[in-house]
Ligand SMILES: NC(=O)C1=CN([C@@H]2O[C@H](COP(=O)(O)OP(=O)(O)OC[C@H]3O[C@@H](n4cnc5c(N)ncnc54)[C@H](OP(=O)(O)O)[C@@H]3O)[C@@H](O)[C@H]2O)C=CC1
Ligand SMILES: O=C(O)C1=N[C@H](C(=O)O)C[C@H](O)C1
């Protein structure tokens with residue numbers, strides 16, 4: 001029998017945490033070996049399956065990440081920036097594959113992952129779906145083909161619980177558009193529109209965030225010129241696409257040299 005990599009899910013009670021627990025439990029390529037929640041969380045001490053209202057899984061939710069990581073080959077982490085930094089240090093100590101889906105990280109927080117990536121395989125992406133990662137490639141190509149007569153706007157929509165804006169995906173798409181244009185996103189990003197903003201600046205890449213209801217995640221890249229418009233669109237209707245992407249990343253990372261990777265590496269989209 002082949003060895004199935006053991007995976008720990010952090011933030012196991014969250015929307016993505018529960019989806020990951022389900023997807024890993026159904027997989028014949030990996031096994032769930034740990035579920036971590038914050039100290040004081042109601043689910044600590046309970047079986048993760050039972051806490052989710054499903055069948056008992058044999059995995060108890062614990063609040064000591066290091067204890068959980070000791071059993072594992074990979075952790076999948078969709079939590080919050082401060083927590084992700086803490087988990088990265090521990091995953092590096094344990095030489096694990098650390099798959100990071102957490103968004104809303106500042107540039108300084110992303111930079112702070114660098115020491116961990118010397119010891120661990122870190123796969124980080126603002127969106128783990130195949131569709132969005134393909135969309136970034138298309139966005140880069142379209143942006144490279146068009147001149148600044150085409151205003152680029154990135155419009156994203158998410159559920160009302162989401163705490164960060166623009167979404168991680170919107171920023172990935174913005175980076176791709178800026179790369180296509182041969183400019184730095186930081187120089188052209190327009191993230192604040194309120195009041196008398198003045199006319200739109202030529203060459204800027206604008207971001208618009210919609211929050212409402214249970215929208216899973218929708219992203220449009222609009223290229224608007226006088227007389228014509230192009231829209232590239234991705235719509236996620238099921239969080240399973242992110243969880244399956246993350247599991248694929250955790251498996252892909254096994255045996256890879258330490259370093260910082262993304263889903264384009266995992267999916268081989270640059271090959
Ligand atoms: N890259 C991708 O493909 C995707 C990324 N995401 C991102 O994943 C993240 C989580 O999203 P979602 O599941 O909807 O959010 P939830 O709020 O539903 O879940 C977050 C989980 O992380 C836990 N958590 C938060 N802060 C800490 C902390 N400091 N220490 C320990 N645990 C912590 C929460 O616990 P508690 O409830 O106790 O706070 C909760 O269990 C977001 O950043 C989101 O943008 C989401 C979908 C796809
Ligand atoms: O918070 C979410 O839900 C999502 N977050 C990611 C993001 O910020 O882009 C990915 C996905 O769109 C869902």
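The backbone N, Cα and C atoms fix where each Cβ goes, glycine too.
Annotations in TrEMBL come from automatic prediction, not curation.
Among the candidates 37, 82, 86, 148, the residue that TrEMBL annotates alongside 11, 12, 13, 14, 15, 16, 101, 102, 103, 125, 126, 127, 128 as binding NAD(+) is 37. Closeness to ligand 2 is met by none of the binding-site residues 11, 13, 37, 38, 102, 125, no Cβ falling under 6 Å from the molecule. Spatially close to residue 13 (NAD(+) binding site) yet at least six residues away along the chain are 37, 41, 43, 51, 61, judged by Cβ distances under 8 angstroms.
Put simply, of the recorded positions 38, 159, 162, 168, the one whose Cα is nearest the Cα of residue 125 (NAD(+) binding site) is 168. Checked against ligand 1, the recorded positions 11, 38, 127, 158, 159, 169 give 11, 38, 127 in sequence order as having a Cβ less than 6 Å away from one of its atoms. Most buried of the binding-site residues 11, 168, judged by other Cβ atoms within 10 Å, is 11.
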